[in-house]
Amino acid sequence: LRFLVLIFQYTRVWIPDPDEVWRSAELTKDYKEGDTSLQLRLEDETIREYPIDVQSNQLPFLRNPDILVGENDLTALSYLHEPAVLHNLKVRFLESNHIYTYCGIVLVAINPYEQLPIYGQDVIYAYSGQNMGDMDPHIFAVAEEAYKQMARDEKNQSIIVSGESGAGKTVSAKYAMRYFATVGGSASDTNIEEKVLASSPIMEAIGNAKTTRNDNSSRFGKYIQIGFDKRYHIIGANMRTYLLEKSRVVFQADDERNYHIFYQLCAAASLPEFKELALTCAEDFFYTSQGRDTCIEGVDDAEDFEKTRQAFTLLGVRESHQISIFKIIASILHLGNVEIQAERDGDSCSISPQDEHLNSFCRLLGVEHSQMEHWLCHRKLVTTSETYVKTMSLQQVVNARNALAKHIYAQLFGWIVEHINKALHTPLKQHSFIGVLDIYGFETFEVNSFEQFCINYANEKLQQQFNSHVFKLEQEEYMKEQIPWTLIDFYDNQPCIDLIEAKLGILDLLDEECKVPKGTDQNWAQKLYDRHSGSQHFQKPRMSNTAFIVVHFADKVSVFSKRSCVHWSSCFPLVADLFHDDKDSVPATTASGKGSSSKINIRSARPPLKVSNKEHKKTVGHQFRTSLHLLMETLNATTPHYVRCIKPNDEKLPFHFDPKRAVQQLRACGVLETIRISAAGYPSRWAYHDFFNRYRVLVKKRELANTDKKAICRSVLESLIKDPDKFQFGRTKIFFRAGQVAYLEKLRADKFRAATIMIQKTVRGWLQKVKYRRLKATTLTLQRYCRGLLARRLAEHLRRTRAAIMLQKQYPALPRGLRVQTHQMCACPHQVLMEHKATILQKHVRGWVARRRFQRLRGAAIIIQCAFRMLKAKQELKALKIEARSAEHLKRLNVGMENKVVQLQRKIDDQNKEFKTLSEQLSAVTSTHTMEVEKLKKELARYQQSQGEDGSLRLQEEVESLRAELQRAHSERKILEDAHTKEKDELRKRVADLEEENALLKDEKEQLNNQILCQVKDESAQNSAKENLMKRELEEERSRYQNLVKEYSRLEQRYDNLRDEMTIIKQTPGHRRNPSNQSSLESDSNYPSISTSEVGDTEDALQQVEDIGLEKAAMDMTVFLKLQKRVRELEQERKKLQVQLEKREQQDSRKVQVRAGAAGLQSGPQVPASRQELESENKKLKNDLNELRKAVADQATQNNSSHSSPDSYSLLLNQLKLANEELEVRKEEVLILRTQIVSADQRRLAGKSTEPNINARTSWPNSEKHVDQEDAIEAYHGVCQTNSKTEDWGYLNEDGELGLAYQGLKQVARLLEAQLQAQSREHEEEVEGLRAQVEALKEELDKQQQTFCQTLLLSPEAQVEFGVQQEISRLTNENLDLKELVEKLEKNERKLKKQLKIYMKKVQDLEAAQALAQSERRRHELNRQVTVQRKEKDFQGMLEYHKEDEALLIRNLVTDLKPQALAGTVPCLPAYILYMCIRHADYVNDDLKVHSLLTSTINGIKKVLKKHNDDFEMTSFWLSNTCRLLHCLKQYSGDEGFMTQNTAKQNEHCLKNFDLTEYRQVLSDLSIQIYQQLIKIAEGVLQPMIVSAMLENESIQGLSGVKPTGYRKRSSSMVDGDNSYCLEAVIRQMNSFHTVMCDQGLDPEIILQVFKQLFYMINAVTLNNLLLRKDVCSWSTGMQLRYNISQLEEWLRGRNLHQSGAVQTMEPLIQAAQLLQLKKKTPEDAEAICSLCTSLSTQQIVKILNLYTPLNEFEERVTVAFIRTIQAQLQERNDPQQLLLDFKHMFPVLFPFNPSSLTMDSIHIPAYLNLEFLNEV
């Protein structure tokens, strides 16, 4: 019923299609129950009628809403069926280029046939530690899930990778291996992956072949177990192989090849070492030419063979073994070419003795030719009584030969795999493992042989295991959610498995037929027909009697029994005769490769023939079934994870999807079966919170008053879905049947549509009302004006009509027109006059207004022109200034041009002057001519007056002559004027030419100026680029140096850990002497100072890196060789310590045993009778000795006053001499007595006397007292002088003298024993040193032998090159040793020179002080007594302490100090105190004290940081103090560069005697290490919070939507507990960091760098997750991101940290957020995106666009065409190929000099620091 509700008009459905498998269509009208067809419209707008079966009422599949298309998990689809799965995979693969998709617990991987940048180290780190489903589907996600479950559940895991040939199984397995190698262990500690990859060429050569579907198809399955230890680090691997296609050795179909190794060997047959193989080209051998085409396009078999040989060598296979392997392979080829001739009877056959191939076969394998020739054509039958030898037919002999070839190859394959496993084996104990199964999936061809039958049988077993695992997970999920478990009907393939492997199944009947003497294919097929004809999984073909059909879970497969009989001929007697035992025959051949004899005696294999029949039952079917059962047992004992690889097309085109091939593989690999099982249960799961947020629009208003969301969800579902079986309420989730989410989506969409229609209706009505009101008002206004105009026109018309009537009435006789005109003029004369005047006024006013407007516009234009001209003038002035500054070098080029311009200007001036002179001359001539004319006129008048009319003729003549002259003058003037005009025109023309040339010159000058400006700009740009490059190089150098410091600290930490371990191990019972404090300090100090040490040399290497520059250091390998040598020395030292520890443990154990044996012996010797005599004699001698001493003393006192006679003195000397002689005698007696006492004691113990032992305390009452060494020796001498005849022991020991003597003897014995032990230890150490040297020499000899062996395998040129490399390395090491020796000598020389200078200065100061003291003493001698008073002095800023108080100072001030204790004091107080102590040591010129204090301080800080390696406050505290101490050493170093800001008082606190530049570098390196630890701690705290706070938490409530999710949030992948954080938590944490650093006085510049690094980490982690998560790439996420980033920026501004550059590090994330919110439709949008996203790479932009997902149906997806447009516009970018940002990248830190304003004498030391032993100076 629910389905029928959804079938209405515009519903989209899927219908079958022969080309595209499934095709989308849309209903054109509603469906009514009982209709026989559906009216559909296809996507190409064609109308189609789809018939419906009325009886079954099978409607077409419904299509999912667009919001669900492209989901990461197929189980998240509302409609779970084949077309939905196929369409979702197609959309993800083609439109988004996503090759991975989840299908519940299965990862579907589609081969893109193109390299994708999604497998780098950054992607591995991004997926590490993430839950499955949090990120986009990936093979790394499956590997991480397996690794996490192994560590969490303590259970072994398996990853099952299956698929067709060419689907990418091996690549997927390789990437899983790479993930485990990266996560489970560093590349330096383990190379298991490299070893497995090194074995790939071998396995491809012997196990891969060309098929019709793949040129490099794996024809075997492998299961690789990766072993882990208890810390889950990789320790080893193991490989097991399955289902080797042995039939390919003897048969290949058309267009296929045999295994690659055969063709590689044939391609290399011309090599000299392979002449004895007698091989030719591959076309000449039957086993390699059946597929006709023996070559593969683009593959060089000879080159691949060389790679195979190199791989053999890398895995440790010697050259002799390789030759043996190649002999076996060549023998197989020769065996295939053996010609077998049938006899006439047909039951027997023979082989020619001259067959060269058989000869080669026997020669290569070392078997007898006659025996092989005989047993290839005969077989042996063994009965209980006798043995029969029978002949075989031709077909039987061919089958036997093929079986022998297959078995030889299988045995060889197994041996090679075994050798690879030995190379991957480890002796360490394996705690757990992860297995990776790479096996081909279900296969069906036109001709299916026995191999396809076995493959499909294995896939049936795997599918069964998969189904059981899916049901197990489903049951666990339902039980956890407390949902009743109901049995789901699913496909059970156990009947099909029983058909194959059960008793009297296909395999049993096949084995039985193979044992029958004359078994045939027809007989076996008939038995199958008779036995299994009633089975639903077995069918008989219509047109064949030798084939049968097996109905598998994926498809029907027709198997031809002919092929299977050929393939299963390995049970023939001859094969059993040769290879029944794995240790004989062919394995012996492989053993010959291992070093045994190279001959195989066929007779030696014949005696063991009499074995039980069980050996003959081990047919290939039995072996395959056994290995498959073992594999299933292994998989069942692990937790499986599934990867299904899909081949999208057979043409291997990148990102091309063939629906037919894809759906065929989906059916075969079990994905659709998973979908069907999921659809049968409750595939859709929603958390209550997500369901409420998504469908709250369906909740009624009164129900929202309830605060219980679960109750609201229950009431809503019960009201919307009437069938209670369609959903279930779990503990934390709601479970839905298939299609129910789509129904809810339809209801939600209808609700939104209704609300949208209501909103649209209301808004449209309001808009229409507004429009109507506006039109109405406009209409009324127009009507008002129109009515007024009409009214005025009517009034005017009425007035004129009345006037006309009146005029007509008054003047009826006038013409009508005249009357009217006269009437008007008469009626309104005044009006006409006024109109005329008004017209005149209007004319003038309008003219004035126009002129006024013109003037205003002209003024404005002038102002604009002035401003523009001013701007141009300023620009020209600026250009001229630039030209004046930068164009000096072009003046030489313009000198000629300027001269030419000057010459032309001069020429123009000359011509102007000439023109001016000519004009003046012309004007002068004209003036003279006029004057002459006037003069002539006057004369003429006067003459006329005087002559009258008589001379008129003469005057006329004169006038005529004058006129002629005048005309002549006029003509001359005209000529002159013409010439002048002509010259003037020429001059003008010339001037114009000059001006034009001048303009050209100016243009050229401007061009040159522009070129100069461009050159200046280019030079400035180049300079800026060079400057930026130098800055970048400096940053890289600083980063590289800090990385070196980091690596050095890691090595130092490792060394400390090893030393601590050795110290802990050494702490065993007994006396152990420690070295002196100085030596311990030397051992703790790892920095260079006055003393020279190996660690100091290492630090010198780091110093050298900084001095010479990192680029040179990168080229100078000596620095790194020093580091490597230091590491090797540390390892050797650790080994030596380990050996010494073991020896000492053995010595201690022996000592304990000796003490235990001696504990049973009681000391109590029998006292001899002469004890009293000895004691009395001892007393007497003691008295005599005392008298002698007294006499000597008296003689010494009286020597000066009284002069005694020499006789008394000589007498005294004689007595002393006699006493000494007697003393010697007594010594011997005491030794004899001691031996007697010991022997008596031994006799007493041997006799086991029952007498009570005499206690030492009773016998020797004074023996336990503390005895001084002198007293013991004195007592010893007394005992020696005792008379040995006395036997009274009581008298002898009356005063305890004998005990004293015994103690003296013990003391002497101990001294001697100590010396002897010291000598023995020295001897042992010397012996051990010699042994170590011998071992080192042995190792060196072994290495040289191994190198020599490797060299022999190389070519002569390679040998020479290898020898040169070895010599270079040896010379480099020698050079390094010599350099170290020279550096040590130079360092010692510098130290001695420095000490010599210090001592000379001391001597000079002492001499000067003595001279001054003597002069003062002579000058100021007083005759009277004067009281000397001490003058009170001020505190000088120095603290004095005694040397023995140094450890207490370090403990109170460094080791045990808590940062909280110094909350109210001066920041960095410990640094100031330490500097004041250093200053006093410098003041007293004690270099050892300075060195010891600084070394102890550095070691103490390191120990504190090591102990508190996760305490941010402690790390920040010591970073600030270390930096402050470094600043103090700089500020008071005496260097003028650091003293610019010092006061005069501070300059008095500078160091006087020592230069601590080396220690400044040490402290700088220590600061770098502390800074890196601080960043590491802060990142560790912030990183778990970033993704949740930045991407998942709703900072803006109600903005994000919720989409349905599938199995990717399965409970098994989730960790209990809520790990969600909000942005406020991140800001609170950063506030905490900032407060701690500020309170502890850390430099502000360092604080800025800390937050720049943290903000970069926030940017990188957030952007990486955005690039790997489809569910967060939406418009709402972009809005959330922009809001969160704005909050972080506001926080930076509030803390005055915006200058740190932290915002710039967030630029990629800001642009990603903007990209999510921009429009993505038109080319203009694409151009805007390209111009905006400058900090994002092309791959990142395309990835975000591919991941962009609408959260509701009102958003539109990004089209493929738009993404292609983006790619086309961004193709010119040179972006890096890396997709993700390196969130572990650390900016190099700078410690700028920050001097303190405090003076040392103003610092107060609190009493609670317990530093009372420091004295203020």
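Yeah, the Cβs are placed from backbone N, Cα and C, and that goes for glycine too.
What TrEMBL records for G163, E164, S165, G166, A167, G168, K169, T170 is ATP binding site. Within the same chain, residues at least 6 positions away in sequence whose Cβ sits under 8 Å from that of G168 (ATP binding site) are A109, N111, C645, K647.
Here the coiled coil (870-921) has a mean pLDDT of 75 out of 100. Annotated coiled coil per TrEMBL: 870-921 (among others), in sequence order.
The coiled coil annotation in TrEMBL covers 1302-1432 (among others).
TrEMBL lists 1075-1095 with the feature compositional bias 'Polar residues'.
Sequence annotations record features per position, and here TrEMBL assigns compositional bias 'Basic and acidic residues' to 1139-1151.
Taken from TrEMBL, the feature domain 'Myosin N-terminal SH3-like' applies to 8-60.
The domain 'Myosin motor' annotation in TrEMBL covers 69-749.
Per TrEMBL, domain 'Dilute' is recorded for 1495-1772.
If you look up TrEMBL, you'll see 628-650 marked as region 'Actin-binding'.
Annotation source TrEMBL lists region 'Disordered' at 1065-1098 (among others).
Taken from TrEMBL, the feature region 'Disordered' covers 1139-1177 (among others).
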Cβ under 8 Å, sequence separation of at least 6 from the ends of the region 'Actin-binding' (628-650): give me the contacting residues as numbers and ranges.
89, 93, 103, 105-113, 139, 142, 145-146, 149, 153, 155-169, 172, 213, 223, 240, 242, 435, 437, 441, 457-458, 461-462, 465-466, 469, 656-658, 661-662, 665-666, 669-671
So which one is it: of the binding-site residues G163, G166, which has the fewest other Cβ atoms within 10 Å?
G166
Sorted by sequence, non-G163, E164, S165, G166, A167, G168, K169, T170 residues with Cβ within 8 Å of centre, ATP:
N111, N214, S218, Y440, C645, K647
May I have the DSSP-based helix, strand and coil counts for the residues of the region 'Actin-binding' (628-650)?
9 helix, 8 strand, 6 coil
Taking the Cβ of E164 (ATP binding site) as the centre, how many other Cβ atoms fall within a 10 Å radius?
24
Return the residues near S165 (ATP binding site), defined as same-chain residues 6+ apart in sequence whose C-beta is under 8 angstroms from its C-beta, sorted by sequence, else 'none'.
T211, R213, N214, S217, S218, Y440, K647
Report the same-chain neighbours of A167 (ATP binding site): residues 6+ apart in sequence with Cβ closer than 8 Å to its Cβ, ordered by sequence.
A109, N111, G441, C645, I646, K647, Q665
Run through the Cβ atoms and count how many others sit within 10 Å of the one on T170 (ATP binding site).
19
Near K169 (ATP binding site), which residues of its chain come within a Cβ-Cβ distance under 8 Å, counting only those 6 or more away in sequence?
V161, S162, G163, S218, D438, I439, Y440, C645
